[in-house]
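Okay, so here's the structure we're looking at.
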Amino acid sequence: MHEIGMTIVEWIIGLLVLGGALLGALSAFGLLRLPDVYTRSHAATKSTTLGVMSILLGAFLYFVAYDNYVSAKLLLGIVFVLITAPVAGHLIGRAAYKSGAPLSDRTVQDDLKHAPHTDTQLREHTDGQLPHERERQRE
Amino acid sequence: MLQVVLYTALVLLSLSVVAGLYRIIRGPSMPDRVIALDTIGICLIGLVAVVCMLQDTTAYLDIILLMGILAFLGTVAFSKFIEKGVVMEHARNRDDHR
(Lines of atoms letter the chains of each structure in order from A and count residues from 1; the text may use other names and numbers.)
(Lines give C-alpha, C1' and ligand atoms only; values in the text may rest on other atoms or scores of the structure.)
Protein backbone atom coordinates (compact mmCIF):
# COMPACT_ATOMS: atom_id res chain seq x y z
CA MET A 1 0.00 0.00 0.00
CA HIS A 2 2.74 2.40 1.00
CA GLU A 3 4.69 1.45 -2.08
CA ILE A 4 1.74 2.30 -4.36
CA GLY A 5 1.24 5.63 -2.58
CA MET A 6 4.86 6.58 -3.15
CA THR A 7 4.56 5.72 -6.84
CA ILE A 8 1.49 7.94 -7.18
CA VAL A 9 3.25 10.80 -5.40
CA GLU A 10 6.26 10.36 -7.66
CA TRP A 11 4.02 10.58 -10.75
CA ILE A 12 2.31 13.72 -9.45
CA ILE A 13 5.65 15.39 -8.69
CA GLY A 14 7.00 14.40 -12.10
CA LEU A 15 3.96 15.77 -13.92
CA LEU A 16 4.04 19.06 -12.00
CA VAL A 17 7.76 19.62 -12.58
CA LEU A 18 7.69 18.57 -16.21
CA GLY A 19 4.59 20.69 -16.92
CA GLY A 20 6.19 23.68 -15.25
CA ALA A 21 9.39 23.30 -17.23
CA LEU A 22 7.43 22.91 -20.47
CA LEU A 23 5.50 26.11 -19.70
CA GLY A 24 8.81 27.88 -19.06
CA ALA A 25 10.20 26.68 -22.40
CA LEU A 26 6.96 27.73 -24.12
CA SER A 27 7.21 31.23 -22.72
CA ALA A 28 10.83 31.41 -23.85
CA PHE A 29 9.67 30.44 -27.34
CA GLY A 30 7.13 33.25 -27.18
CA LEU A 31 9.86 35.63 -26.03
CA LEU A 32 11.85 34.72 -29.11
CA ARG A 33 9.12 34.67 -31.75
CA LEU A 34 6.41 37.22 -30.92
CA PRO A 35 6.51 40.52 -32.83
CA ASP A 36 6.43 43.39 -30.29
CA VAL A 37 7.03 44.29 -26.64
CA TYR A 38 3.43 43.88 -25.50
CA THR A 39 2.88 40.40 -26.89
CA ARG A 40 6.28 39.36 -25.60
CA SER A 41 5.46 40.58 -22.11
CA HIS A 42 2.19 38.68 -22.38
CA ALA A 43 4.10 35.47 -23.13
CA ALA A 44 6.80 36.07 -20.56
CA THR A 45 4.64 37.09 -17.62
CA LYS A 46 1.75 34.65 -17.59
CA SER A 47 3.08 31.26 -18.56
CA THR A 48 6.38 31.61 -16.70
CA THR A 49 4.49 32.45 -13.52
CA LEU A 50 2.24 29.40 -13.82
CA GLY A 51 5.22 27.19 -14.69
CA VAL A 52 7.34 28.27 -11.74
CA MET A 53 4.36 27.98 -9.39
CA SER A 54 3.78 24.39 -10.46
CA ILE A 55 7.50 23.57 -10.11
CA LEU A 56 7.51 25.02 -6.59
CA LEU A 57 4.35 23.05 -5.75
CA GLY A 58 6.13 19.92 -7.01
CA ALA A 59 9.13 20.68 -4.81
CA PHE A 60 6.80 21.22 -1.83
CA LEU A 61 5.18 17.81 -2.42
CA TYR A 62 8.63 16.23 -2.84
CA PHE A 63 9.85 17.43 0.53
CA VAL A 64 6.57 16.47 2.20
CA ALA A 65 6.62 12.96 0.70
CA TYR A 66 10.30 12.02 0.99
CA ASP A 67 11.64 14.03 3.92
CA ASN A 68 8.46 14.63 5.98
CA TYR A 69 9.40 18.29 5.84
CA VAL A 70 6.69 20.93 5.36
CA SER A 71 8.50 23.91 3.91
CA ALA A 72 6.86 27.23 4.68
CA LYS A 73 9.50 28.93 2.53
CA LEU A 74 8.25 27.19 -0.61
CA LEU A 75 4.65 28.14 0.13
CA LEU A 76 5.78 31.72 0.72
CA GLY A 77 7.69 31.59 -2.57
CA ILE A 78 4.56 30.41 -4.43
CA VAL A 79 2.47 33.24 -2.94
CA PHE A 80 5.19 35.78 -3.63
CA VAL A 81 5.57 34.80 -7.29
CA LEU A 82 1.77 34.82 -7.67
CA ILE A 83 1.51 38.35 -6.28
CA THR A 84 4.53 40.06 -7.79
CA ALA A 85 4.65 38.74 -11.37
CA PRO A 86 1.41 40.45 -12.58
CA VAL A 87 2.44 43.70 -10.87
CA ALA A 88 5.81 43.64 -12.60
CA GLY A 89 4.18 42.83 -15.94
CA HIS A 90 1.72 45.70 -15.58
CA LEU A 91 4.47 48.18 -14.64
CA ILE A 92 6.71 47.24 -17.52
CA GLY A 93 3.86 47.32 -20.03
CA ARG A 94 2.91 50.78 -18.85
CA ALA A 95 6.51 51.95 -19.03
CA ALA A 96 6.81 50.50 -22.54
CA TYR A 97 3.71 52.34 -23.76
CA LYS A 98 4.70 55.63 -22.14
CA SER A 99 8.22 55.43 -23.52
CA GLY A 100 6.74 54.93 -26.99
CA ALA A 101 7.76 51.39 -27.82
CA PRO A 102 6.32 50.63 -31.27
CA LEU A 103 3.36 48.31 -31.72
CA SER A 104 3.50 45.51 -34.25
CA ASP A 105 2.20 46.06 -37.80
CA ARG A 106 -0.56 43.55 -37.24
CA THR A 107 -2.09 45.45 -34.30
CA VAL A 108 -5.77 46.07 -34.96
CA GLN A 109 -6.76 48.22 -32.00
CA ASP A 110 -4.99 50.72 -29.75
CA ASP A 111 -7.40 52.02 -27.14
CA LEU A 112 -4.85 54.36 -25.58
CA LYS A 113 -4.06 56.11 -28.85
CA HIS A 114 -6.29 59.14 -28.18
CA ALA A 115 -5.97 59.10 -24.42
CA PRO A 116 -3.86 61.97 -23.07
CA HIS A 117 -0.73 60.30 -21.76
CA THR A 118 1.83 63.07 -21.97
CA ASP A 119 1.79 66.37 -20.09
CA THR A 120 1.26 68.55 -23.18
CA GLN A 121 -1.67 66.45 -24.35
CA LEU A 122 -3.12 66.57 -20.85
CA ARG A 123 -2.85 70.39 -20.88
CA GLU A 124 -4.75 70.55 -24.16
CA HIS A 125 -7.33 68.18 -22.81
CA THR A 126 -8.06 70.16 -19.62
CA ASP A 127 -7.93 73.91 -18.98
CA GLY A 128 -4.18 74.13 -19.28
CA GLN A 129 -3.34 72.90 -15.81
CA LEU A 130 -2.25 69.52 -14.59
CA PRO A 131 -4.11 68.06 -11.60
CA HIS A 132 -1.22 68.38 -9.18
CA GLU A 133 -0.61 71.99 -10.22
CA ARG A 134 -4.23 72.81 -9.52
CA GLU A 135 -3.91 71.20 -6.10
CA ARG A 136 -0.86 73.28 -5.34
CA GLN A 137 -2.65 76.50 -6.32
CA ARG A 138 -5.53 75.65 -4.04
CA GLU A 139 -3.12 75.30 -1.15
CA MET B 1 12.34 7.85 -13.11
CA LEU B 2 11.98 11.08 -11.20
CA GLN B 3 15.66 11.82 -11.80
CA VAL B 4 15.15 11.75 -15.58
CA VAL B 5 12.19 14.13 -15.26
CA LEU B 6 14.22 16.49 -13.08
CA TYR B 7 17.14 16.53 -15.51
CA THR B 8 14.74 17.20 -18.40
CA ALA B 9 13.26 20.10 -16.45
CA LEU B 10 16.78 21.46 -15.85
CA VAL B 11 17.51 21.35 -19.58
CA LEU B 12 14.22 23.04 -20.53
CA LEU B 13 14.64 25.81 -17.97
CA SER B 14 18.25 26.41 -19.06
CA LEU B 15 17.06 26.71 -22.65
CA SER B 16 14.56 29.36 -21.62
CA VAL B 17 17.34 31.25 -19.79
CA VAL B 18 19.34 31.16 -23.04
CA ALA B 19 16.31 32.52 -24.93
CA GLY B 20 16.08 35.35 -22.40
CA LEU B 21 19.78 36.13 -22.90
CA TYR B 22 19.22 36.32 -26.66
CA ARG B 23 16.36 38.76 -26.09
CA ILE B 24 18.52 40.85 -23.75
CA ILE B 25 21.34 41.14 -26.28
CA ARG B 26 19.13 41.57 -29.34
CA GLY B 27 16.03 43.28 -27.89
CA PRO B 28 15.11 46.32 -29.97
CA SER B 29 13.85 48.41 -27.05
CA MET B 30 14.67 48.80 -23.37
CA PRO B 31 11.40 47.29 -22.03
CA ASP B 32 12.17 44.13 -24.03
CA ARG B 33 15.38 43.69 -22.11
CA VAL B 34 13.67 44.28 -18.77
CA ILE B 35 10.99 41.69 -19.58
CA ALA B 36 13.69 39.20 -20.53
CA LEU B 37 15.55 39.90 -17.27
CA ASP B 38 12.35 39.29 -15.32
CA THR B 39 11.80 36.00 -17.16
CA ILE B 40 15.37 34.91 -16.44
CA GLY B 41 14.88 35.68 -12.74
CA ILE B 42 11.70 33.62 -12.57
CA CYS B 43 13.31 30.75 -14.49
CA LEU B 44 16.21 30.81 -12.03
CA ILE B 45 13.71 30.33 -9.19
CA GLY B 46 12.47 27.17 -10.92
CA LEU B 47 16.05 26.00 -11.53
CA VAL B 48 16.93 26.39 -7.85
CA ALA B 49 13.83 24.40 -6.85
CA VAL B 50 14.74 21.58 -9.25
CA VAL B 51 18.35 21.51 -7.98
CA CYS B 52 16.99 21.32 -4.42
CA MET B 53 15.00 18.22 -5.36
CA LEU B 54 17.93 16.64 -7.23
CA GLN B 55 20.32 17.01 -4.31
CA ASP B 56 17.58 16.21 -1.77
CA THR B 57 18.47 19.19 0.38
CA THR B 58 16.50 22.13 1.77
CA ALA B 59 19.55 24.36 1.96
CA TYR B 60 18.77 26.41 -1.14
CA LEU B 61 15.18 27.24 -0.34
CA ASP B 62 16.14 30.70 0.98
CA ILE B 63 17.61 31.48 -2.43
CA ILE B 64 14.13 31.05 -3.97
CA LEU B 65 12.66 33.85 -1.87
CA LEU B 66 15.73 36.03 -2.41
CA MET B 67 15.62 35.61 -6.20
CA GLY B 68 11.91 36.40 -6.25
CA ILE B 69 12.35 39.61 -4.29
CA LEU B 70 15.38 40.71 -6.32
CA ALA B 71 13.73 40.05 -9.69
CA PHE B 72 10.61 41.96 -8.66
CA LEU B 73 12.51 44.95 -7.25
CA GLY B 74 14.75 45.08 -10.31
CA THR B 75 11.79 45.09 -12.67
CA VAL B 76 9.98 47.80 -10.70
CA ALA B 77 13.06 50.02 -10.53
CA PHE B 78 13.83 49.59 -14.23
CA SER B 79 10.27 50.30 -15.33
CA LYS B 80 10.09 53.45 -13.19
CA PHE B 81 13.40 54.53 -14.66
CA ILE B 82 12.22 53.92 -18.23
CA GLU B 83 8.94 55.71 -17.61
CA LYS B 84 10.13 58.82 -15.76
CA GLY B 85 13.91 58.92 -15.84
CA VAL B 86 14.15 58.62 -12.05
CA VAL B 87 13.80 55.68 -9.71
CA MET B 88 12.93 57.49 -6.50
CA GLU B 89 10.41 60.28 -6.93
CA HIS B 90 10.22 63.09 -4.38
CA ALA B 91 7.17 65.33 -4.17
CA ARG B 92 9.13 68.56 -3.90
CA ASN B 93 11.08 68.22 -7.15
CA ARG B 94 8.40 66.45 -9.11
CA ASP B 95 8.13 69.28 -11.65
CA ASP B 96 11.78 69.03 -12.62
CA HIS B 97 11.49 65.51 -13.86
CA ARG B 98 8.07 65.33 -15.44
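Cβ from N, Cα, C; glycine included.
Residues or ranges marked as transmembrane segment by TrEMBL: A:12-32 (among others). Within the chain carrying the transmembrane segment (A:12-32), a Cβ under 8 angstroms from the stretch's Cβ atoms is held by residues 39-40, 42-44, 46-48, 50-55, 57-59, 61-62, 65, all 6 or more beyond its ends.
Feature annotation from TrEMBL assigns transmembrane segment to A:44-64 (among others).
Under the heading transmembrane segment, TrEMBL lists A:70-92 (among others). Tertiary proximity for the transmembrane segment (A:70-92) is limited to same-chain residues at least six positions away from its ends with a CB under 8 Å from its CB atoms, namely 41, 44-46, 48-49, 52-53, 56-57, 59-60, 63-64.
What TrEMBL lists as region 'Disordered' is A:108-139.
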